[in-house]
Every structure is written in structure tokens, then in C-alpha cells.
Amino acid sequence: MSSASRARPTPRSNSNSNPNPNPNPTGSSSSSSSSSSSGPRPRLRSRSRPWLNALAWLPVIFFVEHHVVSFATVSGRSMQPTLNPDSSRLRQDIVLLNRYKNMELTQGATRTDPKAGYQIGDVVALRSPTNPSRLLIKRLIGLPGSLVRTLPPYPERTIRIPMGHCWVEGDEKNHSKDSNTYGPIPLGLLDSRIEYILWPPSRIGAIPNSNSGWEKRVVHPPGMTMGTSMTTPPSKASTRVVGGGF
């Protein structure tokens, strides 16, 4: 009787039988770990840059506002109709102050330079002689040596402006306290020149000419006429709101 025997299968080793094929017990590679730990750092630096940029611009903004140009809201009626022709507080003029004129004067501006310094007829901002923290707006009509025919309540009918001083008046005489009340103003109180009206939109543009007739009351020294410039030391103070009287 023939018979056939069945051979037993030889057991084979399984190379994939390791239950933990990853030798790294953390389950992540070192490269991914390092990249994940260093990932947020660039984002943190990028978030801080806008603040650093803003801080870097603060000195520039401060310099421009105090020495170049600034803005101010005009209050009061002393410069009507040139400024604030509408007495409503809702329609007050916002003007541009040119403080660069003071910088020009410190760089040796002279009367022979028609573009330098303050000029007769300019509308200027100045420090109040009774309250230097307050900024006022008046018209510059007299320089050192000018002969001015004054208005009440000034006690003298005429005055010769002394050296180092100027004469300022409001365009609306009935609502202005100016040199006719306090006399000549030291040149050092001049802060800036009013260049443009920025608000309201219907009045945007250069400062209009005055029709108050002050030119007929002022006699300037020989060679000094409208447009003549003068020198004065710079003013370092600053403010935002401009009032109409001393």
C-alpha cells in the first residue's frame, strides 16, 4: 500500500512583526520637532515690527508739528470776515500753520529776501502776552520803525513801533483785543504764519485779503512796504486751538 506523507511547513520569521516600527518613542522625527519649535518665532517678530515702525516715526511727527507745519481750529470773531465768517461753532475754520518761517529766520533770513520771515500783512499766530499757553490769530500790520495811527482804547493817537516789537490787529475791530489794547507785541511771541484754510470744504484755499482798511493807518519806514520781511527768534511752544483775543 502506497502512502503519501505531507511535509510540515517550515515556520518563517516575519520581519514586520515589530509592534513599534518607529524607533523614535515620541512618534515624530527630530527635523519636524525642530521646525515646529522654531516656527512661531518669525511670526512673533513680524507682529512686533509695526509697533517698532510707529515708534520710529514719533520723533519725525513731533519735529514736523513743532517746527514745520501744524493745524489749528480758529475760535472767536476777531478775524472776521477773513476767518470764521460764519459765527456758528459748527463751522469754525481749520487752518494750516506754517512754522517753517521760524526755522528760516534762524538760518540768517534778512529783509532783502522777500520769501523769508514774516511779512507785513501776514495773518499770524502768536502767543498771548497775558497767557503764553494760548495761541492767537491776528494780522501783522506794523514792524519795528512803523508809525501806526491807533484805535481806541489805546491812549495815544499814534505810536512808533520800537525795536524788537510789532503791531498786530484783528480784522474785526469791534470784537478784537489786540495791540490797540496791549500795545506793541514782542517779536518773540510770533509762532507761525497762517497759510491756508483747510476746512470747511467751501472755504478751502489761501487766506483771503483783508478789506478792513488798516493800510491807511500805518506809515512804514522808507523801503518798508507790503511784503517786507523781518527777523525774529523762533518759538518752541505748540498748541492746537486758536483763540481770537488776548
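For all residues, glycine too, the Cβ spot is worked out from N, Cα and C.
Keep in mind that what you see is a predicted model, and the values were worked out from it rather than measured.
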TrEMBL annotation (region 'Disordered') - matching range among 159-180, 225-246: 225-246
Model confidence over the domain 'Peptidase S26' (57-149), averaged pLDDT: 76
SER78 (active site): tally of other CB atoms within 10 A of its CB: 27
Rounded inter-Cα distance in Å - SER78 (active site), LYS138 (active site): 8
Close in space, distant in sequence - LYS138 (active site), Cβ under 8 Å, 6 or more apart: SER78, MET79, VAL123, VAL124, LEU126, VAL168, GLU169, GLY170, SER176, ASP178, SER179
LYS138 (active site): secondary structure state under DSSP, collapsed to three categories: strand
